[in-house]
Every structure is written in structure tokens, then in C-alpha cells.
Amino acid sequence: MSLHVVILAAGKGTRMRSSLPKVLHPVAGRPMVSHVIDTARSLNAEKIHLVYGHGGEAMQARLNDADVEWVLQAEQLGTGHAVAQAMPTIPDHAKVLVLYGDTPLISPVTLETLLTIQPANGIGLLTVSLANPTGYGRILRADGQVVGIVEQKDATAEQQLINEVNTGVLVAPAKQLKQWLSGLTNLNAQGEYYLTDVIAAAHHSGSSIQTAQPVCAQEVEGANNRLQLAQLERFYQKRAAEQLMLEGVTLLDPARFDLRGTLQCGEDVLLDVNVIIEGQVELGHRVQIGAGCVLKNCRIADDSIISPYSIIEGSVLAEGCTVGPFARLRPGAELAAQAHVGNFVELKNARLGLGSKAGHLSYLGDSEIGANVNIGAGTITCNYDGANKHKTIIEDDVFVGSDTQLVAPVRVAKGATLGAGSTITRDVGEDELVLTRVRQHHITGWHRPVKQKK
């Protein structure tokens, strides 16, 4: 039986007080609904149906590569009505799993359990027991069997004492679900068509309803306001940090670590406080990342050390590199083994060769730098002429003195020495010494100007 997943994402999210649709608000750097889509995809669903309404253009623009079937709910008439909009394109022989775009923490393990316990021709329902169930629909049972769900606003005082609540997540056979949805009414306090009412309909039709509980209660929490969004973020990060530590990564303070992508680590990796990981990041064995660093879409090989407050994006570092503090590697930066990039050095689309060093206050853009090169403090590759970028090539064993400007396109051949304060506009030959400084003048008896009194 094929699996179709319906994700409800049509709500406006008024309490967010935002023009952005609620499900596009980020957790771990990605829209909440993107997490749900990825979880659904991990279940090998044949098709994912995304029910949208408010902010449809923004959602389609943000999720244009999500590979989902877009289902419009023009009027928000309740969760039952929302699911009904997706049903016409779902074959009768399929099973339907209903998820929510604002519950990004739901795990594949929990959903696989739910799919396993679903009875034939019946409903698998995800419930959770809460110490404070206020606001949630209560699970009604008779002789231990689920017979219905009552929403908070429709519950009696006695029913409000029930602590087993509905998460909204359920799986049901498509043919029967279509029948149950067609019988829904909006005779309730909200005047809406509740998806929860299909539970009573299934019970009355003689279908079995089995329940499962999530791995942890926080998985099924949603976000209706910024406070709840922040709480989801913290739980996500706590879970991510715990998993990394179980895999052998040292986090000096797990509460001050943010994972906004994926992180693959070798053995004995150490991350100091306030490190942020974005995109896909790979760290080799014994890599150390200092406090306040931001790593995005990069690979850092064994025994490299990144000192505090460095930013590395779209870059590849070989073994034993040292970077920072306060360095910036922009997309296209490559460091060969044992290369060193020091404080306030910026690389963009540049390769620094084996054992080469750029220790201080330099910009190296669109550059190819060989092995055993010393880049003096204040060196600038002038790569942009106002219209086009040009390349600087510095071959092996070159010594570049401090405060040197290399006006690209230019090549400095092997073993050359560039004197401090030089502006290099022409190619330099092998083992040449180049100086372009003006002659130093000495004026004796010089008196500084005196400030005139007003």
C-alpha cells in the first residue's frame, strides 16, 4: 500500500505578528515546514501534498524545489476541510499520513512506529500525555478504546481533566478517510470542520483506532508565536548537541552551540562556545574550532585549528591548517596542508599553497599562491578594475613584504622578493628583488606648523 503524506500549512499565524507565513519561520536556519517535508520524504512517501493558503506566493517561492504537490485551501475552514482538499488526487488504495507544517521536530522514528501500529482499515493516532493539557483536544476512551476527540473549547469540565491529548497526527486508509471527511459538520464552538471528528466517525463505523506516543513530548509541539518558536529552536539545538556528543564530539558548552545544517566529524573534534554550523560542514580528526566561529558549507581536514571569531564559507582546508583569530575565508578559498591565515586576513576565490602564510591584515582575492610563500602584513591583491575581476599568480618561495599591492593581472615568479610598500603592476621574474618605493628624503631643521590662535 503506497503512502501519501498530507502536510497542513495553510494557517496565517496571526500570533506571530508577521507578514511571513507561519510555517516559513525558521528553526535551525530553515523553514519549519522544510523540516516536516524532509521527515515525510524519509518515510519513502509516494507523494507529499502540501496544503497552503495564506501567503501562497511566498511559500511557493521559498519552497520551489521541494518536490511537493501544492494544494490550495482558499478558505481556512478547519483541519478536516484542509485534508479534504488534498484527497481527490490520492488513490483509494493508498494510506494517508497527516502532518503539520508548524511541528518541525516530529521524528521519523515516531512516525514509523505510528505507521506500524495502524490497524487494517482503521486509524493510527498519535497521542501524548501532558501534565498540563490546556488548549489541546482530549482523547475520549471507553473501556480503553478510543471513541473520539473533544476540542478544548467544546470539552466539559470533566473532559478537561483528561491528560491524554491529540497531536493531530494520524494515518488512515484513503478510501475510508474520504468517507469520514465527507460526513464532517461544523457544528462546534469554532464553526470549523475538525479533522478530529473523523475519529468518532471511524469508531461508529466499526473501524479500529490504535494509538502511539512520540519518542518525547517536545516532538509534537508547534509554534504559534515567537516565544514558542524560540522554545522549538532550543529543543532542536539541545537534541543536536546531545547527538554530537554521543558521537564523540566535545562541545565545551552544549547550550551555546547552533547547528543550522549538517555536521560530519572525525574523532576528537572540539568545538568551543558559540560556534555556528550552517549548510554542510565536514571536520576531520582532531580539528579544533574556537569560540564564536561560523562555518558554512566547508571541509576542514585533520589537525587543523580555527581560532576564535573566524568565518569560513564555501572553503576547503587541507591537513594541519591554522586560521584566525578574526579571519574570513569566503567561497572558493582553498588552503593546502600546513597553510596559515592569521588575524584580519580575507581570502576569496584564492588558493594558498603548502606551508604558505598570510599572517596579518591582508586581502587575497582571485589569487593562486604557491608553496612556502610569505605574505606580509597589509598585502592587497587588487583584483577588480571596476568592471572585471583579474587574477594574481604568486609562485613558490616568494617573499612579499608588508604593505604591498599587486595590481592584477600579474604574475610573480618563483623565489622573487617584493620589498615592503611596493606596488606591483608588471610581472616579476624568478629570484628578482622588486622595489617600487619612492626615495626617502631627510629635511633637517624641520618645524611643524603651529596652530594659530583665534
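Any Cβ shown, glycine's included, is placed from N, Cα and C.
Taken straight from Swiss-Prot:
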- 1-226: region 'Pyrophosphorylase' (REGION)
- 8-11, LYS22, GLN73, 78-79, 100-102, GLY137, GLU151, ASN166, ASN224, ARG330, LYS348, TYR363, ASN374: UDP-N-acetyl-alpha-D-glucosamine binding site (BINDING)
- ASP102, ASN224: Mg(2+) binding site (BINDING)
- 227-247: region 'Linker' (REGION)
- 248-454: region 'N-acetyltransferase' (REGION)
- HIS360: active site, proton acceptor (ACT_SITE)
- ALA377, ASN383, TYR384, SER402, ALA420, ARG437: acetyl-CoA binding site (BINDING)
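All features noted in Swiss-Prot, drawn onto the structure.
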residue	record	Cβ contacts under 8 Å, 6 or more apart
LEU8	UDP-N-acetyl-alpha-D-glucosamine binding site	VAL51, THR79, ALA82, VAL83, VAL98, LEU99, TYR100, GLY101
GLY11	UDP-N-acetyl-alpha-D-glucosamine binding site	PRO21, LYS22, VAL23, GLY53, HIS54, GLN76, ASP102
GLU151	UDP-N-acetyl-alpha-D-glucosamine binding site	GLY137, ASN188, ALA189, GLN190, TYR194, THR196
ARG330	UDP-N-acetyl-alpha-D-glucosamine binding site	GLU313, GLY314, SER315, GLU346, LEU347, LYS348, ASN349
HIS360	active site, proton acceptor	GLY342, ASN343, PHE344, VAL345, ALA377, GLY378
ASN374	UDP-N-acetyl-alpha-D-glucosamine binding site	SER356, LYS357, VAL398, PHE399, VAL400
TYR384	acetyl-CoA binding site	GLY365, HIS390
ALA420	acetyl-CoA binding site	GLY376, GLY401, SER402, ASP403, THR404, ARG437
Could you list the residues of the same chain, at least six apart in sequence, whose Cβ is under 8 A from the Cβ of GLY78 (UDP-N-acetyl-alpha-D-glucosamine binding site)?
ASN186, GLN190, GLU192, TYR193, TYR194, LEU195
Report the same-chain neighbours of ASN224 (Mg(2+) binding site): residues 6+ apart in sequence with Cβ closer than 8 Å to its Cβ, ordered by sequence.
GLY13, ARG15, MET16, LYS22, ASP102
For the acetyl-CoA binding site, please report the maximum Cα-Cα distance among ALA377, ASN383, TYR384, SER402, ALA420, ARG437 in Å.
23
Return one of helix, strand or coil for TYR384 (acetyl-CoA binding site), based on DSSP.
strand
Just how many other Cβ atoms lie inside 10 Å of the Cβ on ASN383 (acetyl-CoA binding site)?
23
Using a Cβ cut-off under 8 Å, which residues of the same chain at least 6 positions beyond either end of the region 'Linker' (227-247) come close to it?
16, 25, 27-28, 32, 104-105, 218, 221, 254-255, 257-259, 263, 265
Where among the binding-site residues ASP102, ALA377, SER402, ARG437 do you find the Cβ with the fewest other Cβ atoms within 10 Å?
ARG437
On the 0 to 100 scale, where does the mean pLDDT of the region 'Linker' (227-247) fall?
97
Using a 10 Å cut-off, grab the number of neighbouring Cβ atoms around the Cβ of GLY101 (UDP-N-acetyl-alpha-D-glucosamine binding site), all chains included.
27
